[in-house]
C-alpha cells in the first residue's frame, strides 16, 4: 500500500496553498460555518482546464460507473454497483439504490422505526480522472475494516462525477434539497482530491457535512475521519433520544393526567347517576305509595257506598257491633239481624282493614274467626247476640 501511495505522490503533488484550502474546508465542517467564498471566483476556477472537469480524459477501454447518459436513476445506480464490483471485487459497502433524498430520509428519519435506527450518511463520489481513484476504491472502500463499518453504521450512497454532466446533476439534486452547504463543499473539491467520502449528519432539522476523506488520505486517516463523523452523529442522536424520552415522558404524564381526569369524571358521573337513581326510586316509591293510598281510599269509598244503610238505634231486630281496632280505638256499627255477616266484613274493609292482612274475631270463648263462618248467612241464622264485640287483629 505504501509503494502505491508513493506512486500517486510522484504523479501529482498538491501545492501547499491548495492543501491549506482543503484543510480550512474540513475544519469549518467540523466546527462552524464561517467559511465564505466568492461563487463567481469558484465557478471561474472550476471552469478552467486545471480542475479536470472541463477537460476530461475518460478511459474508454472500460465502462464508467455512471455513463453520461442513462434512462433512469435506478439504472444508473445499478450500473454504478455492477461496474464497481467488476473492477474492485464484491467486498464493498452496500450502496443505497435509491434517490439521494430517499437515502437521506432512510438514514436520518428511519421511517416507522425507533430513533436508535437512525444513521449518518456517507456519500462516495468517484472520479475516473483522479490519479487516486483505483487506490482509494481498493484500499479504502474495499478495506476489511472500513467496508464493514460503512455497512453497519452508515447509509452509503454512491455517485460518479467523472463526467461534468453527472457532477452537475449531483449539485442540482443537492440544491433542490436545500443542501447548499453540501453543494458548496463539493464545489471546493478539485479533481486531484477524488475519490471523496463525505459524511453528513442531521442536527435539529438541518443536514450538514461534518467531515470528508479525500483520495490522498490513508485508510487509517479515513477510518479516523469516519469515526469522528460517527461520534458527532451519535452525540446528535443521543440528544435526540434524550429529547424523545422527555417527549414520551411528557406524553405519558399527560396521558396519565387525562386518564385520571377521565376516571374522576367517570366516578363523578357514576355518583351522579346513583344519586339520580336513588332519587328516582324514592320518587317512584312515593308515587306508588300515593297511588296505592288513592286506590285504597277509592276502594274504601266504593265499599262504603255498597253498604246497606245503618238502622237507627230505635229500630227493632238490629245488632250493635263494637269493633276494637289494633290501635285500641273502638267503633260502633249497627246492622239488621237479617242482613248477612259479609256486610260486617265489607264495613271493616271500608275502614281500611283489608282481610288480606287482618282478621275479625268474635267474643265467643273460644273466639271465632269470622272468616271461618258462612258470611252469606245472616246474623240471626248464625245466632249472634244483639250486642257483639269484634276484635280486629293483624294476621
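Just so it is clear, glycine is given a Cβ too, placed from its N, Cα and C backbone atoms.
Of the candidate ranges 1-30, 31-60, TrEMBL annotates residues 1-30 with the feature region 'Disordered'. Ranges compared are 210-260, 261-311, and TrEMBL records region 'Disordered' for 261-311. Across the domain 'UBX' (314-392), DSSP helix (H, G, I), strand (E, B) and coil residues number 12 helix, 27 strand, 40 coil.
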